[in-house]
Each structure stands twice: as C-alpha cells, then as structure tokens.
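Copied over from TrEMBL, here are the features:
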- Cys46, Cys47, Cys132, Cys135: [4Fe-4S] cluster binding site (BINDING)
- Cys214-Cys216: disulfide bond (DISULFID)
Amino acid sequence: MKEVLDVETYLKKMKNQKINYDKVLRKMIKDWGARNERPKVLLHSCCAPCSTASLEFLAEHADVTIFFSNSNIHPKSEYMRRSNEQKVFVEKFNDRTGHTVGFIEDDYRSNVFFKMVKKEGLGEEPEGGLRCAACFDMRLDRSAEVAQERGFDYFGSAITLSKNKNSQLINELGVGVQQNYDSRYLPSDFKKSNGYQRSIEMCNEYDVFRQCYCGCSFAAEKQGIDLRAVNKDAINYLKENDLSLKKEI
C-alpha cells in the first residue's frame, strides 16, 4: 500500500501560528509532483458554485470525484435542484476541459440532520455557530467513510471556497475526522488566491444557478427566506428538466 501524504505532518511544522491551509495544500501538491503522484480525491461539495474554482484548480493535480452529500438542504425540491445543478456542472466541466471528474450523490436523509440538531439542542444556534460546525462535521465524516469504502487517497470539501464559511474550523474538523479512517484529509482554503472571484466568473461562464441561502431551514429562517417561494421555484425547475421528486430513504 502506498504511503499517502498526511496533512498533520505539515501542520506540526506550523505550531503557534494561524495556519494558511491554502499554502498547506499547495505544498502538498508540490510534493505530489516530486513523488510523481496523482492521487484520488473525493471532494465533498455543498453546491455547484462552491465546486467551480475548487475543481478547476484541483483537477489539474489529482483525479477528483465530486461527492454530493447534503441532507441538511431543505426543502427536498431545492436539494434536488442543487444536486442536478452540481451534476450538470461536472458534465459541462468535463466536456470543456477534457477532465474526467466523477460524480457521486449520497442518499438524501434529512431526518438524520434534523435528529442531530434536536439531539444536540442546536435549533436556536446562530448561523455560523455550533449547528454549522456539527453539520460540517457530519458531512466530512460521511465523506471520509465513503472515501475509505471506495479506495480514495483523500477526502476534502469545496465548502472552503465560500466567503461566508469558516475555513479554519472546517479544516480543523477535517483533521479530526481523519483520525477514524484510513483515507487522509485534504486541507484547503479555496477562496484564497482569487478563488472566490474565479467562482463567480465560472458561474457566469457555465450558467450555474447560485442559491440565495446556505441550505438548511434554520439558516433560511434566520435570513428571512420564503421557503414556500423557494419550493415553488425548485419544483418548476424540476418539471422543466423532466425531474420528479424522489422518495426519501
């Protein structure tokens, strides 16, 4: 079995300082090149917009598969819209670039997310607080599990592209999750190095739908989002694309 580079090896050299995870990733990529390696990466993505610039950068150095695992998204019609947008973007990206990025969609189990929130008493947490941390952790853990099952060298997340998400927290959680699996965590801060701006450009280039809220009903309520209108728009989108609501597992 080949030795996979471990992010913790790099972090041990950066004690007592705020870690620039973008630089850590680029150092790891440089070392992949020195070892003549092109690893397999399972990259969790919350939505097509976050996967744009993340994928454009990472696919040059690794064999990437997008993992859409987001049972936090509500309502289900909106989940299906975002899932389809993600799948379509991957197909367009491959057609235009010649890459062979894969796509895996996890089962949609919103009941698991809601049970977690209720059990941990996180319903009243502010956006960006403990509920978001628990949600990140849940999806990173699932990504690591699938990465191990399917033989990926690394698991990571494109969520670090969002300017509204705490990349330090996401990376710390990812490093923690890897302790329970053979697959290693791939650090990132995709918003850096002009990543966020590039994502806006790519959304325009690929005609990618950009949603108006993160995904969960709690965030939507805090932001004053009309979920009835969201559901109506999403259902119309599904009809226009010959998609029907799937039964939840």
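A Cβ is built for glycine as well, from the same backbone N, Cα and C atoms used for every other residue.
Neighbours of the [4Fe-4S] cluster site: apart from Cys46, Cys47, Cys132, Cys135, residues of the same chain with C-beta atoms within 8 angstroms of the site's C-beta centroid are Asn70, Asn72, Phe136, Arg139, Ile159, Lys165, Cys214, Gly215, Cys216. According to DSSP, Cys46 ([4Fe-4S] cluster binding site) is assigned to coil rather than to any helix or strand. Taking the C-alpha positions, the distance from Cys46 ([4Fe-4S] cluster binding site) to Cys214 (disulfide bond) comes to 9 Å. Residue density at Cys132 ([4Fe-4S] cluster binding site): 23 other Cβ atoms are found within 10 A of its Cβ, drawing on all protein chains shown. All protein chains considered, the CB of Cys47 ([4Fe-4S] cluster binding site) has 26 other CB atoms within 10 Å. Of the listed recorded positions, namely Cys46, Cys216, the sparsest CB environment within 10 A is found at Cys216.
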